[in-house]
Amino acid sequence: MAEAGGAGSPALPPAPPHGSPRTLATAAGSSASCGPATAVAAAGTAEGPGGGGSARIAVKKAQLRSAPRAKKLEKLGVYSACKAEESCKCNGWKNPNPSPTPPRGDLQQIIVSLTESCRSCSHALAAHVSHLENVSEEEMDRLLGIVLDVEYLFTCVHKEEDADTKQVYFYLFKLLRKSILQRGKPVVEGSLEKKPPFEKPSIEQGVNNFVQYKFSHLPSKERQTTIELAKMFLNRINYWHLEAPSQRRLRSPNDDISGYKENYTRWLCYCNVPQFCDSLPRYETTKVFGRTLLRSVFTIMRRQLLEQARQEKDKLPLEKRTLILTHFPKFLSMLEEEVYSQNSPIWDQDFLSASSRTSPLGIQTVISPPVTGTALFSSNSTSHEQINGGRTSPGCRGSSGLEANPGEKRKMNNSHAPEEAKRSRVMGDIPVELINEVMSTITDPAGMLGPETNFLSAHSARDEAARLEERRGVIEFHVVGNSLNQKPNKKILMWLVGLQNVFSHQLPRMPKEYITRLVFDPKHKTLALIKDGRVIGGICFRMFPSQGFTEIVFCAVTSNEQVKGYGTHLMNHLKEYHIKHEILNFLTYADEYAIGYFKKQGFSKEIKIPKTKYVGYIKDYEGATLMGCELNPQIPYTEFSVIIKKQKEIIKKLIERKQAQIRKVYPGLSCFKDGVRQIPIESIPGIRETGWKPSGKEKSKEPKDPEQLYSTLKNILQQVKNHPNAWPFMEPVKRTEAPGYYEVIRFPMDLKTMSERLRNRYYVSKKLFMADLQRVFTNCKEYNPPESEYYKCASILEKFFFSKIKEAGLIDK
């Protein structure tokens, strides 16, 4: 950076050598990687802001601002023109004795005297900074902040491969360089003369309008849940990384690239780059862009968000998992219709005034999305309402879902906190990158070969057709019940009568009076299946929370609507409803005609709960068989068949990839023709080349005595912690120091956590211990650039670790 040109057209120093694109050529020796736009995937990414670069820049700025004034003047002199003589054309002071290698930090460098001569013009440093003699510390700190931003952008210019992005980086580089020379504030001009907001209504206002338009009629608790979903969506847009125009041109050649390029440039200048260069004013994407940008990213963003949600579901609390996996897809589908609709009212300029006349809800206060966190789903989990008879339960309502108490301040629930995110990974697992690559193929219709899949295949899941109908709004599910405490709702009463008729018609051996008594009993509830406004099926049940089970009394679907998957989907909704209410056991008496159905839904004649729990509570039926079903709270039952299908597709694609890698083809086995019934797997020709390993062949070297293993691992871990290069890995990475770290690193690990695990006797084998410590090094190298000090520490410590486990005899030397 010491060779930078003047204000009008700064000349960049030569680019790093071809073989080292990540080499940083800044005067400060920054180890920060470039901004998030440098690693944009072909369809955009949902990574956290700055990729950790913003934290590193903030640390360097704090260090520099706390330095002595002489050090600050030296730094600013590099970017200040010489004023000794009018004829001197030197644009920046050059240190005559530059360090041969970048030191560990700026503050460790020797402070240069103001009388030190410039290597270029031979004038003193004082001649370059004479205009800064009477400048306040506050102004000097502001200029120093711009200096570090310039150096960071300089790195980005050289590292960026996309021409459009590089051009924007270079423009901002020149803008900030000029601001330093002229001591002014950077103002984006030129082709970007239009100032934010660029379109009205904004994305935030449009989503506000959408919530008002679609959900204002709901009770406050149900509406609050929708608001939480909207907050999650807006938060993700604010940290969404747009794909470069060149990538979009390849993916969608028929799109309006010129319009997208304009929005992309604005997004870089006003939203993205200011995340890590805070000398530029920053705007939230949702506040300055509108429908046009949202349309260009919504489809791919929706797909990736849902996929990421499914991948991270195990990290989420039960309530939030149900909210995200069950209700977030429905929310996005409804919003998608309004985004691409030509006449949706949510994008009208006068929607605010029109809605204020019809709704008591203040549209301005519906959603106020925070831009403080980068977790994928930052909305807090919500509480549940005990269902009152005579009203529909939001627990199974497709348009809303869970409820949250209005007016109650919810604490931030960091689902990606370090403690929660520490998940052990199975040894030999398939790399996440490969899974994501396969997922992008099987979820992208353009990437799949073969016939169209508009129609259901012969091997579709039983509930697939019903699930599709629910998404299209053809069918609905509502938990209903009678009430003695309040005036019954007319619609609910009509549905209860409809349920009575369905049960009576489909269960002719059951007395009609008995059916009527139970359906209208306030202690019983019914999950009703509604199609075209009328009841076509349902499951009547009674919950016993104190006993930990629910009794299923009636279950039926009208005869002309059977064999469509409604029964399976109905039961899956009932399972998810009970998971929300933390009741994980079903009991029912099934007659000879119903046993087959209940077996398909996971029921068994083996009852898992003690007999004392249900005797005297459940109704006994002569000639019927008692069956039970235990629910797994980690399974999203309404999407379970989709997940299984997706897993099968992934395995199939992975097998195809492996087959393509194996060039040699072996003849088929002929031994079975000779009467051989069985052969060892390892004797199959080519089996080892596929990556298969015999489980019994690897002789473990680890000590058989648990105490001996504990002592050995404790000794190794202590030596690793005492190593001089172990300092970056002693504690979990803090979010404040590295924003976006837990978006990049899925399985964090540190030496403190390992010490706790060792103390709790978690490491029952050497493999678990080695996997955790290897994860420490892998995470560091994945997040930090190769030339950074953290990366070097990880490499040195990794070699030391392997030398120690070899000395301990845990692996072959």
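Just so you know, glycine gets a Cβ as well, placed from its N, Cα and C.
Given the structure is predicted, the values throughout are model-derived calculations rather than measurements.
Summarising the annotation, Swiss-Prot assigns region 'Disordered' to 1-55, 380-423. The compositional bias 'Low complexity' annotation in Swiss-Prot covers 32-46. Taken from Swiss-Prot, the feature compositional bias 'Polar residues' applies to 380-391. Per Swiss-Prot, the feature compositional bias 'Basic and acidic residues' maps to 406-423. For 484-632, the entry in Swiss-Prot reads domain 'N-acetyltransferase'. Annotation source Swiss-Prot lists active site, proton donor/acceptor at GLU551. Look at Swiss-Prot and you will find CYS555, ALA556, VAL557, GLN562, VAL563, LYS564, GLY565, TYR566, GLY567, THR568, TYR593, ALA594, ILE595, GLY596 tagged as acetyl-CoA binding site, backed by similarity to another entry. According to Swiss-Prot, the feature domain 'Bromo' maps to 704-808, an assignment based on sequence analysis.
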- Message: Taking the Cβ of each of the binding-site residues and counting other Cβ atoms inside 10 Å, which one has the highest number: CYS555, VAL557, VAL563, ILE595?
- Response: CYS555
- What number of additional C-beta atoms lies within 10 angstroms of the C-beta atom of GLY565 (acetyl-CoA binding site)? 22
- Task: With DSSP as the reference, give the number of residues of the domain 'Bromo' (704-808) in helix, strand and coil.
- Result: 70 helix, 0 strand, 35 coil
- Provide the three-state DSSP residue tally for the domain 'N-acetyltransferase' (484-632): helix first, then strand, then coil. 53 helix, 40 strand, 56 coil
- Message: Give the mean pLDDT for the domain 'N-acetyltransferase' (484-632) on the 0 to 100 scale.
- Response: 90
- Note on the structure: Rounded Cα distance, in Å, between VAL557 (acetyl-CoA binding site) and GLU551 (active site, proton donor/acceptor) is 18
- If one measures from the C-alpha of VAL563 (acetyl-CoA binding site) to the C-alpha of GLU551 (active site, proton donor/acceptor), what distance in angstrom results, rounded to a whole number? 25
- Out of GLU551, GLY567, TYR593, which of the recorded positions is least crowded by other Cβ atoms within 10 Å? TYR593
- Of all the Cα pairs drawn from CYS555, ALA556, VAL557, GLN562, VAL563, LYS564, GLY565, TYR566, GLY567, THR568, TYR593, ALA594, ILE595, GLY596, the residues the record ties to acetyl-CoA, which distance is largest, in Å? 19
- Note on the structure: Between the C-alpha atoms of GLY567 (acetyl-CoA binding site) and GLU551 (active site, proton donor/acceptor), the distance in angstrom, to the nearest integer, is 17
